[in-house]
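Feature annotations, courtesy of Swiss-Prot:
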type	residues	note
REGION	1-242	region 'Lycopene beta-cyclase'
TRANSMEM	8-28	transmembrane segment
TRANSMEM	31-51	transmembrane segment
TRANSMEM	77-97	transmembrane segment
TRANSMEM	117-136	transmembrane segment
TRANSMEM	147-167	transmembrane segment
TRANSMEM	169-189	transmembrane segment
TRANSMEM	231-251	transmembrane segment
REGION	249-593	region 'Phytoene synthase'
């Protein structure tokens with residue numbers, strides 16, 4: 001039947017490609033289109049003459065009744081499509097499995113690699129050279145090893161090239177993003193090829209093959225072909241990721257980066273000397289990621305959905321916020337609180353009340369002088385030049401307000417500063433609304449810097465409102481944990497309506513009256529959420545899905561609290577969202593954004 005080869009695509013390759021496209025759609029960025037499109041062009045042009053030679057030499061044949069008819073340089077159109085669809089499928093597997101990774105961290109081995117990485121690269125290069133030479137030998141010898149030789153001599157020089165330029169990076173990556181995206185599509189295509197060979201859709205002529213089968217009727221040469229080509233695709237994707245990581249991680253090398261880096265920038269990153277890499281910045285990014293993973297599972301999951309320099313700056317912003325919070329929160333006296341907040345205010349003054357470029361050395365000297373070593377990277381790499389100042393000052397003010405629970409005078413309003421709903425809202429504005437505003441400021445800067453002022457103001461306001469909503473959920477979740485620390489964020493006026501005092505909540509943080517107040521706080525949170533959520537659709541598309549995903553994962557905590565009052569799964573008194581439900585929430589948000 002003339003449609004046999006076409007049916008292979010209709011039954012096996014196109015459905016898989018479609019499924020992977022649907023799965024990957026929410027995280028797809030224009031950078032991914034650039035990567036996949038470039039690899040498809042390269043693979044098509046590299047495979048075309050080689051495949052044409054195989055057919056013209058009668059090594060590979062297609063029964064006339066198995067193909068539709070149109071050919072290019074003797075290659076059936078179905079085979080040409082295979083070049084494209086295989087590259088697309090394997091690239092999608094790579095993207096999906098690599099998305100959680102933060103690639104800039106893997107640049108740390110480029111200048112002075114560990115011995116195992118340096119040795120691994122040399123061994124890998126040696127293996128690829130040996131396979132290439134063996135392939136050449138088989139071609140020269142002719143006979144049964146010809147086809148295998150043609151595969152090895154064609155594929156592995158390309159693999160050697162990519163491994164030479166990115167071997168250290170590839171070896172540093174986890175196996176889940178290198179070996180796994182090679183193995184899964186390879187095994188799948190082995191099974192497809194086994195079916196096609198069994199049906200006679202294509203054939204390898206006897207006399208040019210060894211006659212060994214991996215299983216069934218799958219010739220060892222065909223198995224080697226799919227393995228080798230998928231290695232090429234994954235190596236090619238890794239090369240792209242290395243160059244993109246260089247572009248995004250080092251502002252001193254690439255001060256301005258468009259939404260999609262240009263081909264010229266990729267070339268420039270290729271020829272950047274590793275001595276120019278700012279490894280201190282990479283170490284700072286590593287510290288920031290460690291803070292993020294340890295302190296906020298929801299934000300860590302959401303952050304992996306962002307791309308490029310925006311993702312980096314969001315991580316650095318979070319690291320600063322967490323560091324400032326910890327410095328104040330870990331203080332042992334009111335004097336120490338005042339000392340840290342004064343230093344943080346002065347740090348911000350140096351950025352916003354003086355010429356930053358002229359005072360860069362002064363800022364770094366002040367960081368070294370005033371802060372402990374573990375705090376330096378979070379302060380040094382805060383992207384202050386593209387952040388508004390007012391939310392940062394207000395954030396520190398919020399941390400000061402928090403400290404009143406531990407260090408206060410004898411009055412009740414000083415010991416429990418959340419005296420009424422206005423004070424609660426103000427506190428939420430300080431510690432969470434500001435963070436929402438800062439995140440949106442980064443999104444606008446990286447995704448749509450030309451955004452009209454009116455829309456900017458609207459998004460800033462919406463982000464503040466949503467930040468307060470999330471903080472209310474946080475307070476509702478942590479009533480027990482906060483009470484253990486002597487803190488009560490429920491407004492004192494609300495407590496009086498239930499016949500309680502803050503001391504009652506500290507002593508007995510569970511019970512009917514406290515649950516009534518939890519419900520009330522969640523109700524206020526969802527009112528703010530309902531007000532702000534529709535307006536979040538005005539966020540630039542590249543960041544809309546991840547931003548909404550971050551919001552929804554946190555609001556899901558509130559939904560769990562509402563659904564399972566008195567019976568929620570607790571972790572030190574905190575309601576948790578099961579991992580599967582959290583993932584489902586993120587995916588729903590991404591698809592609907």
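The backbone N, Cα and C atoms fix where each Cβ goes, and this holds for glycine too.
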- prompt: In the same chain, which residue numbers or ranges, 6 or more beyond the ends of the transmembrane segment (77-97), come under 8 angstroms Cβ to Cβ?
  reply: 5-6, 8-9, 13-14, 16-17, 20-21, 23-24, 27, 32, 35-36, 39-40, 43-44, 47-48, 51, 62, 67-71, 176-177, 180-182, 184-185, 189, 226, 229-230, 233-234, 237-238
- request: Might you confirm whether the transmembrane segment (8-28) is in contact with the transmembrane segment (231-251), defined here as three or more C-beta pairs under 8 A between residues 6 or more apart in sequence?
  value: no
Task: Check the region 'Lycopene beta-cyclase' (1-242) for me and report the mean pLDDT.
output: 90
- prompt: When you scan the chain for residues with a C-beta under 8 Å from the transmembrane segment (117-136), skipping those not six or more beyond its ends, what do you find?
  reply: 109, 148-154, 156-157, 159-160, 163-164, 167-168, 171-172
Message: Which sequence-distant residues neighbour the transmembrane segment (169-189)? Criterion: at least 6 residues beyond either end, Cβ under 8 Å.
response: 16, 86, 89-90, 93-94, 97-98, 101, 106-107, 109-110, 117, 120-121, 124, 163, 226-227, 230-231, 234-235, 238, 241-242, 245
